[in-house]
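What TrEMBL annotates here:
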| type | residues | note |
| --- | --- | --- |
| DISULFID | Cys36-Cys39 | disulfide bond |
| SIGNAL | 1-23 | signal peptide |
| TOPO_DOM | 1-9 | topological domain 'Cytoplasmic' |
| TOPO_DOM | 27-44 | topological domain 'Periplasmic' |
| TOPO_DOM | 62-67 | topological domain 'Cytoplasmic' |
| TOPO_DOM | 162-175 | topological domain 'Cytoplasmic' |
| TRANSMEM | 43-61 | transmembrane segment |
| TRANSMEM | 68-89 | transmembrane segment |
| TRANSMEM | 143-160 | transmembrane segment |
Amino acid sequence: MQLARTRSLFSLAFLACASIVGATVYLGPVVDAAPCPMCLLQRVLMAVSSAVCLLAALHAPGKAGWRIYAGCLLLFSALGASVAARQVWLQASPPENMAACIENLHYLMETQTYLKVMVMVLAGSAGCSEINWSLFGISLPEWSLLAFSGLCLFALYYLFIEFRRFRSMDVGTPD
């Protein structure tokens, strides 16, 4: 029973993540705005979180495996939440000396080290502080922050609450 419940929860998380990635890809041409580097990074982190959930649901490992998948999900969703929080902060208080434009991200990846590219992306650009679309008064980075926070809570729930249930249900069985 516990295995089916855990697989169902990770399947549901996969569907949510995949829907979010699909919605952001769909909104790009509809809103007619090219995504900024922070938006692209959030999409990649949401896609990786989606892949972790899919692998967890399909693999159905033992107790230790579930904890590893939940830990990976927590890592990627926390990274995504921090990038989304940075973009929300940039939108709330855009700095005056922000670079007008970050060069082509593909070009930067070829010519600069990954660390320099990440520093440039996280520093933000003028495009990162623009609000191109909102739903119910909430911008896309704010929705992204909510989604990543929900994934973090799901992973934490599984790591702490479900882990206790597993441990109390079969104390004498090996992992």
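The backbone N, Cα and C atoms fix where each Cβ goes, and this holds for glycine too.
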Going along the chain, which residues at least six beyond the ends of the transmembrane segment (68-89) come within the CB cut-off of under 8 Å?
10, 13, 36, 38-39, 41-42, 45-46, 48-49, 52-53, 55-56, 59, 61, 122, 124, 128, 139, 141-142, 144-145, 148-149, 151-152, 154-156, 158-159
Averaged pLDDT, computed only over the residues in the topological domain 'Cytoplasmic' (162-175):
57
For Cys39 (disulfide bond), what is the secondary structure state per DSSP, taken as helix, strand or coil?
helix
Return the count of C-beta atoms lying within 10 angstroms of the C-beta of Cys39 (disulfide bond), excluding that atom itself.
22
Counting each residue once, how many in the topological domain 'Cytoplasmic' (62-67) are helix, strand and coil under DSSP?
5 helix, 0 strand, 1 coil
CB neighbours of Cys36 (disulfide bond) within 10 A?
24
